[in-house]
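Trainee: One structure is given below, represented as structure tokens, and several questions about it will come after.
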Amino acid sequence: MKYIGAHVSAAGGLANAPARAAEIGATAFALFTKNQRQWRAAPLTPQVIDDFKIACEKYHFSAAQILPHDSYLINLGHPVSEALEKSRDAFLDEMQRCEQLGLTLLNFHPGSHLMQIAQEDCLARIAESINIALAQTEGVTAVIENTAGQGSNLGFEFEQLAAIIDGVEDKSRVGVCIDTCHAFAAGYDLRTPEACEKTFAGFGKIVGFQYLRGMHLNDAKSAFGSRVDRHHSLGEGNIGHDAFRWIMQDGRFDGIPLILETINPDIWAEEIAWLKAQQIAEAVA
């Protein structure tokens, strides 16, 4: 079964996120559990936690259907020790918030070397950062998102994701989220079913589908291999509809949150309905 949704706003309270997801016909959603552009946030109160859990139950969202995203400020591979510690503390707080909310996944961008340390050293720092957070939490999986490779961001090659996973001690609590726009911008072709087969065969060989814990379904304004991260609405960008139809009709993408971060929230309901229809087309066939 496919869990399909979007990254919805939690404005006005975390309990509003499941309601907003239900409004657009979603069977999955992503959210920020705090302001993503601030380092610090007030601790979650028992009332906030209870309200969120009640809302998730009301709208029939289990933890497997929810993919929280951490703060954009965090860099788990930061080359400067003081800044690295600040990021590690913030990441641990994000993991603990998920733990408190009964959530089992935390999606994050791996990190950037800022042209100050070697790629290998940065990847090792990211893995160490994950180990530190996992050792102090229970039940939450660290879900590494592939990047477009903009600037000095790492995680744009499957080999880099595999290297991070290799350095994580508890393999049962690490996974990946593949963003289609990021993959395309990083040079992984998705424009035809044949291209999708080839790209994900490579993913299966290098990373492994056992680590796939979520996806971001985004078309790309950016050009193939441009290393530029610019999302677009499904079918409106340089990837096209075929990739998303192919994903909907492949069982390897069942049972994980498939999240839209496309640029027009006004048509998320339509995009979700379209994705669901592709799944039905498979069943009919």
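Glycine too: its Cβ is placed from the backbone N, Cα and C atoms.
The shown structure was predicted, so the numbers you read here are calculated from the model rather than taken from an experiment.
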Trainee: Would you identify which residue of His113, His182 Swiss-Prot lists as part of the Zn(2+) 3 site it also attributes to Asp229, His231?
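Mentor: Swiss-Prot lists Asp229, His231 binding Zn(2+) 3, and from His113, His182 it also lists His182.
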Trainee: Of His78, His216, His232, which one shares the Zn(2+) 2 site with Glu145, Asp179, Glu261 in Swiss-Prot?
Mentor: His216
Trainee: Fill in the CA-CA distance, His231 (Zn(2+) 3 binding site) to Glu261 (Zn(2+) 2 binding site), as an integer in Å.
Mentor: 7
Trainee: Return the count of C-beta atoms lying within 10 angstroms of the C-beta of Asp229 (Zn(2+) 3 binding site), excluding that atom itself.
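Mentor: The answer is 21.
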Trainee: Which is it, of Glu145, Asp179, Glu261: the one of these binding-site residues whose Cβ has the most other Cβ atoms within 10 Å?
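Mentor: The residue with the most neighbouring Cβ atoms within 10 Å is Asp179.
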Trainee: Please report the Cα separation of His182 (Zn(2+) 3 binding site) and His216 (Zn(2+) 2 binding site) in Å, rounded to an integer.
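Mentor: About 9 Å separate the Cα atoms of these two residues.
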Trainee: Can you tell which of the binding-site residues (His109, His182) has the fewest other C-beta atoms within 10 angstroms of its C-beta?
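Mentor: Per-residue Cβ counts within 10 Å for the binding-site residues His109, His182 bottom out at His109.
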Trainee: About how far apart, in whole Å, are the alpha carbons (Cα) of Glu261 (Zn(2+) 2 binding site) and Glu145 (Zn(2+) 1 binding site)?
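Mentor: Spelling it out, the Cα of Glu261 (Zn(2+) 2 binding site) and the Cα of Glu145 (Zn(2+) 1 binding site) are 13 Å apart.
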